[in-house]
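Below you'll find the structure, written out as structure tokens, and then a few comments.
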């Protein structure tokens, strides 16, 4: 008893001294001492005691096998297992568990088949292990066999089965298992309840998930978090945040996972104000510097347009992991902060954090958004030469984008042709989207053909090529492209911009007059139009992609969706505050020029996020440096 007590309290030296003073040591004493050493992290002493032990029993052997598995020495554990003179079911279960956790699934299956007898733990280990290794369907087959053999289910078995059902969205089998839960009296088991919530959420059955949750008043944070996460998984972010609020009101203290899920929902809603509130709660509960909460804060602030807050959240993380570094690097790249990304990457290397494929994607993306061609070449060469196994399709996309934006269209096309992996439509789209900027119709047509060969109904290819024809004044080709789109049933995505104000999204399309504040919005636009002329603004009619008179083109440009959204922000927010506009497509070049001047006229920062990056407009300048 004293040996066990010392070992449990990490007083291993005291346990060994007491063991050595014992006048008589029985098998139980030896086994306790070996287990204590293993639990204390001392494999060498445990092995020495095992070798010296005069009369080993099956528990001694199994304890030592478990010890080697615990330290990741699967081959030594395997050898010891097969040397065992007598094996009970616990020994077989230990070895099966070890195989499964180390990814040696086929060996675990073979060993399971050789077992002279099996218990519920044997079956549960196989179900859980197969699911853990991505062989979810096989896990469910084992479950059906288990039921067929009449093995009584444990709560742990049911939890593992529900997890496997959730992973493959096996709704029918999961519902049957839920019935078993009720029959076996497991309905109020907290682990089972959590598994059921996750299962129904994964299967898009949030109504049933709520029924499970409402069967009992829960004080367990894990169950609340499962419901919160389920709503987020099903893109019901408003409901997720309501659950988070209810947690606080019910005095259920959120944990790391709760904050992560809530912040993810804030990102989904682009709800910066709500995200800041949740950030404040995390600080009050002492989780402000937690790495998991911090990583979610970086993403939330980045998505909502507040890169400075994202950098501050990154700085506050106590022990940063590779996800922390990747989140801030990728986020800063989206905001066009190229120099900051290079600084962060240098710090990452100095801190001996190994970059991965996401790190390099963020790095190349930053080079693309900031026009750093030579640095991009160096980084791409580094990945190609020294990280040959790490070069991925997304790295090629970034490099093609860098070259294309810098006008190296033929070089970008050649890179695509010589890729080590098969190019997809996204790589060609990166080339095609830059052809309009550099007025290269030949490359554009070849890129569009390659895209449509891979993806015949790609609307983006049709629209981009049509826009390039329009910019070149080739209206007959524009008409031809529109006819082809109509014949193929391809619909152009409608440009839309929006502002989220006090949790409500206000959306606008071109020349939209449906908003209740339309009169004020258009009055503001008319006033801005006069001011813009005073500042020397001349509309760039090449961005009015319709064959109409010049006066109509200018009017079309004046009422683009992003300008309506900016005007809405101006009439609904306090003087001097930042306006954040989101757009589903690339920003219009003429609107980009106009918003730079609008920011100067009204003395505000205006942030516009388009489909590829963020633009921060201040004092007549944009953070992109007009490189986009």
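Including glycine, each Cβ sits where the backbone N, Cα and C put it.
According to TrEMBL, the domain 'DYW' annotation covers 536-628.
Residues or ranges marked as repeat 'PPR' by TrEMBL: 26-60 (among others).
Among the features that TrEMBL reports, repeat 'PPR' is placed at 88-122 (among others). In the predicted model, the repeat 'PPR' (88-122) has a mean pLDDT of 94.
Within its own chain, the repeat 'PPR' (220-254) is flanked in space by residues 190, 193-194, 197-198, 200-202, 204, 206, 209-210, 213, 261-262, 264-266, 268-269, 271, 274, 278, 281-282, 285, which lie at least six positions past its ends and keep a Cβ under 8 Å from the stretch. Here TrEMBL flags 220-254 (among others) as repeat 'PPR'.
Secondary structure of the repeat 'PPR' (321-355) per DSSP (helix as H, G, I; strand as E, B; remaining residues coil): 26 helix, 0 strand, 9 coil. If you look up TrEMBL, you'll see 321-355 (among others) marked as repeat 'PPR'.
Counted with DSSP, the repeat 'PPR' (88-122) comes out as 26 helix, 0 strand, 9 coil.
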